[in-house]
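Novice: Before we start, here is the structure in question, set down as structure tokens.
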Amino acid sequence: MKEKILTFSSDPSSPVTRHETEEDTGDDLFSLRPCDFEDYVGQDRTVETLRIAIAAAKQRSEPLEHVLFHGPPGLGKTTLAHIIAAEMGTSLTITSGPALEKGGDLIGMLTHLKRGDILFVDEIHRLPRTTEEFLYPAMEDFAVDFVFDKGIHARCHRYRLNQFVLVGATTRVGLLSAPLRDRFGIFRKFDFYSRQDLARIVSRSAALMGLTIDETCTMELARRSRGTPRIVNRLLKRVRDYVQVRHGGVITVSAIDDALALEGVDEKGLTGLDRSYLETIIQYYGGGPVGIEAIGATLQEETDTLVDVVEPFLLAEGLLQRTSSGRKATEAAYRHLGVQWRG
């Protein structure tokens, strides 16, 4: 496989992974991640759904139903998979769709799962179709079918699996096949975070990092973090570094402005790529409509990156319209870029 598979256990004395590296287990990867529902901020309906489902499953002494999370990247899907494993007292194995190139890769993982263990597949929409087909009986009947020989000599042998829980995550739920999508019992969409929830995350993370930050500064970071916890934590770390070296260790709004200017993040949270995306539509294509392939070719960026990373926030902020004839920059986008609205 091209990508690593990580295995975690709810037993604190167990190793993080059989394939761990310093990068995998570094402080930055895990130190800010909530360990339980009490510390998890946001996605309230999803959390409540999972609390109820987990409590019911534990009362019946059954594994949890299969779970599918979908939404933009960085909103806490992987973190919730860790919390589910901790709440259920089971082990968590993490992989991704592109890493499961062959059916044998998937089968090898499934056969090592114990009852109730969780298999988290990120980017599950990128599973090869031949690999995906092995999941159907595995999810529904907890079995995998092996076919031996071909033609009139073909024989099928069914191998029983322990009852596991599949947690899938995707940024492109529309690309999932109906047979796979319909096999998930719990289906939840992740939304961008409010500024209030992001400010709570900043306060919590700052406390864990030993930083002092006031309410004005937490809201300033929240405002410029694209509604995304992963980004707000990353920006907080950059601000921490900046004030440590350039600002006497004191976090102020002006220090945040200076630190984020170095990162190319403007007052609305747009990055250089976001602004280039909007400028391309306005300057090269008269404000649109224009197809995503044309935008990608002009920017020399992959269309998947634009669709998954750039567009969701621009749509949520009202800076972009996505129509049947293509993408259009809104009046708000013109104003933000300081360009005269063409109407």
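Yeah, the Cβs are placed from backbone N, Cα and C, and that goes for glycine too.
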Novice: Going by Swiss-Prot, LEU32, ARG33, GLY74, LYS77, THR78, THR79, GLU140, ASP141, PHE142, TYR193, ARG230 bind ATP; tell me which of ARG183, ARG238, ARG240 is listed for that site too.
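Specialist: Answer per Swiss-Prot: ARG183.
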Novice: Quick one: DSSP breakdown of the region 'Small ATPAse domain (RuvB-S)' (194-264) into helix, strand and coil?
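Specialist: Grouping H, G, I as helix and E, B as strand yields 52 helix, 0 strand, 19 coil.
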Novice: Please work out the mean pLDDT for the residues of the region 'Small ATPAse domain (RuvB-S)' (194-264).
Specialist: 93
Novice: Within a 10 Å radius of its Cβ, which of these binding-site residues (PHE142, TYR193) has the fewest neighbouring Cβ atoms?
Specialist: PHE142
Novice: State the three-class DSSP label for ARG327 (DNA binding site), counting H, G and I as helix, E and B as strand, and everything else as coil.
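Specialist: SS state of ARG327 (DNA binding site) = strand.
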Novice: Across the record's ATP-binding residues LEU32, ARG33, GLY74, LYS77, THR78, THR79, GLU140, ASP141, PHE142, ARG183, TYR193, ARG230, the largest CA-CA distance in angstrom?
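Specialist: Farthest-apart Cα atoms in LEU32, ARG33, GLY74, LYS77, THR78, THR79, GLU140, ASP141, PHE142, ARG183, TYR193, ARG230 are separated by 37 Å.
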Novice: What does the structure give for the C-alpha distance between PHE142 (ATP binding site) and ARG322 (DNA binding site)? Integer Å is fine.
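Specialist: On Cα coordinates alone, these residues lie 41 Å apart.
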